[in-house]
Amino acid sequence: MTEDEARAWLDQHFDVSRETWLKLERFVALLLAEMDRQNLIAESTRAHVWARHIVDSAQLLTFARDAGEGRWVDLGSGAGLPGIVVAALTDRPLLMVESRRKRVDFLQEVVEALSLHHAEIFGGRVEIVPRGAAGVISARAYAPLPRLFESAIHLADEKTLWVLPKGRKAQNELEAARPAWQGAFHVEQSVTDADSAIIVARSVKSVRRKGRG
Ligand SMILES: C[S@@+](CC[C@H](N)C(=O)[O-])C[C@H]1O[C@@H](n2cnc3c(N)ncnc32)[C@H](O)[C@@H]1O
């Protein structure tokens, strides 16, 4: 997908107002400028930010269209991918969770610059976010599936929709998680990379093993 195709894809799939375009463009500019201070995206993707990061994040919304109510929680947001993109494209309340101080400061700067009043940041580990069921949980390049669920299951109930971009090893990761986690899982193809996939899950819960109490 070229950068032009990425913008066209956004136009086709979302009602992108002039104001929203400006927000997304501002985010891209802030992200690239911040790359002089911290490593937020792979250097090789710098020239392909719209395809590799903005659309790659925005596509998660297309899998969350039938999600129930409740805030969107993005685990390990880093530079705000997908959190900031989701907040720019929807009004759903959103919490970005990020443990690294420098990244939290950048997220705060972006939230203020883009006036994303419905977006909040939790500067700390996912494991200590206060309990409460999210409508949607996303996590991009955050942790392998078993650790991801272990760290965030207190933020979900049976209605929570999990949208988890997982690259080329989605199916393998899913198989690895199955002995410990049950739920309704399916794997969707990524629009930005035909070989990459997104795990979409509902009703995720731990399978208790004998002797674990
Ligand atoms: C590889 S980066 C990916 C960032 C972003 N989601 C993206 O796709 O560009 C993973 C991020 O998760 C954060 N992280 C890892 N473990 C965490 C935890 N337990 N709680 C909160 N943040 C965590 C790291 O600090 C890092 O910013």
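Cβ atoms are placed via backbone N, Cα and C, with glycine included.
For the S-adenosyl-L-methionine site, TrEMBL gives G76, L81, V126, E127; the one candidate out of R65, R92, R140 that the record lists there too is R140. In the three-state DSSP scheme, E127 (S-adenosyl-L-methionine binding site) is classed as helix. Within the same chain, residues at least 6 positions away in sequence whose Cβ sits under 8 Å from that of V126 (S-adenosyl-L-methionine binding site) are L75, G76, V97, S99, S151, A152, L155. When other Cβ atoms within 10 Å of the Cβ of R140 (S-adenosyl-L-methionine binding site) are tallied across all protein chains shown, the result is 22. Counting Cβ atoms from all protein chains shown, L81 (S-adenosyl-L-methionine binding site) has 27 others lying within 10 Å of its own Cβ.
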